[in-house]
Amino acid sequence: MANDRPRVLSGIQPTSGSFHMGNYLGAVRQWVALQETHDAFYMVVDLHALTLPQDPRELRANTRLAAAQLLATGLDPERCTLFVQSHVPEHAQLSWVMECMTGFGEASRMTQFKDKSSRHGADRTSVGLFTYPILQVADILLYQADQVPVGEDQRQHIELTRNIAERFNGRYGETFTVPEPYILRETAKIFDLQDPTVKMSKSSSSPKGIIDLLDDPKASAKKIKSAVTDTGSEIRFDPEQKPGVSNLLTILATLTDVTVAEVEQKYAGKGYGALKTDLAEVVSEWAAPFSARTREYLDDPETLDSLLAEGAEKARSVAAETLAQAYDKVGLLPGKH
Ligand code: AMP
Ligand code: TRP
């Protein structure tokens, strides 16, 4: 891995069994592409998952499942560093320093926190959910990442990261790279099939609104065929007037590696039915080998765990160096090492 390449870092939560099409098209697909051109660090953010109640056995299983799915999409441990966040203790350590650099008001403005806390109610809202974005700040800054490939819903957290990095650098001298979000316009937000005005989301969409990558292809086909489409019958990319059709066009174009304009042209004069049938087929063709590969990785947990251990070791060598610098800059006395 050439070290003069720009660095990218991103993470995904192990909070549900299967990734969905929004995770894949909005983020993970870019991760796979970027490992060819960037020094890439990707992680399963199990510490972030703890911000909401988790069954310990399920969390363990979902963490392996998330790693298996990442490998199945094409992440290659020879070309990127793939690891589990809690295996690198520096994340929690730098997070504390960053918490002390973040204003209470600043953290209170994070919209994802406001959404989640209002959904779960004050009784189930932990302090960890509140400081979640600051752990994310630490995740990114530890690796001196130049770019962070994510979906649109994460833009505010990257902006917070930039602000805190600049504040730290201003106060203590150049320490952290100020990262840029890497968000592809077309797939920045994949929408719920049943309500194409809101994002596809494991926590808020109904099951019928989500294309789960590990779903039985027949189940996905059924969901796609019953996707809410718009009035009229013309197939046209127009997210304002035709959010349902536009969402299907985006998914189809991206999965088949063509532009939305090309798909639009192909379906000119055809009905919504033809578009849905073809999309269901494309999704099924994509998902079947993906599911099979995921299963193979899960069937060999020892190999999976050792890949993750190697990833953590590589990640840790970078993270430890950054943490030591940050500790020193703020005036913490060096310890034994
Ligand atoms: P999460 O499942 O919340 O850990 O999200 C993992 C990644 O998927 C993040 O980069 C999100 O921005 C991205 N993502 C999640 N839902 C969507 C969506 N509906 N459209 C585009 N990107 C998404
Ligand atoms: N908060 C991100 C999400 O919900 C996950 C995440 C945690 C992340 N740490 C990160 C993404 C660091 C990018 C970089 O999707």
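The backbone N, Cα and C atoms fix where each Cβ goes, and this holds for glycine too.
TrEMBL entries are annotated by machine, without manual review.
The Cβ of Gln13 (ATP binding site) lies under 8 Å from the Cβ of Val44, Val45, Asp46, His48, Ala49, Ala66, each of which sits 6+ residues away along the same chain. Residues annotated as ATP binding site in TrEMBL: Gln13, Pro14, Thr15, Gly22, Asn23, Gly151, Glu152, Asp153, Ile190, Lys199, Met200, Ser201, Lys202, Ser203.
In three-state terms derived from DSSP, Asp139 (L-tryptophan binding site) belongs to a helical segment. All chains included, 29 other C-beta atoms sit within 10 angstroms of the C-beta of Asp139 (L-tryptophan binding site). Per TrEMBL, L-tryptophan binding site is recorded for Asp139.
Marked as motif ''KMSKS' region' by TrEMBL: 199-203. Here the motif ''KMSKS' region' (199-203) has a mean pLDDT of 91 out of 100.
Here the Cα atom of Ile190 (ATP binding site) is found 25 Å from that of Asp139 (L-tryptophan binding site).
Long-range Cβ contacts of Glu152 (ATP binding site) within its own chain (separation 6+, distance under 8 Å): Gly26, Ile183, Ala188, Lys189, Lys199.
When the binding-site residues Thr15, Asn23, Glu152, Met200, Lys202 are checked against ligand 2, none has a Cβ within less than 6 Å of one of its atoms. Around the Cβ of Thr15 (ATP binding site), 20 further Cβ atoms fall within 10 Å across all displayed protein chains. Across the motif ''KMSKS' region' (199-203), DSSP assigns 0 helix, 1 strand, 4 coil.
In the three-state DSSP reading, Thr15 (ATP binding site) counts as coil. Distance noted between the C-alpha atoms of Lys202 (ATP binding site) and Asp139 (L-tryptophan binding site) is 23 Å.
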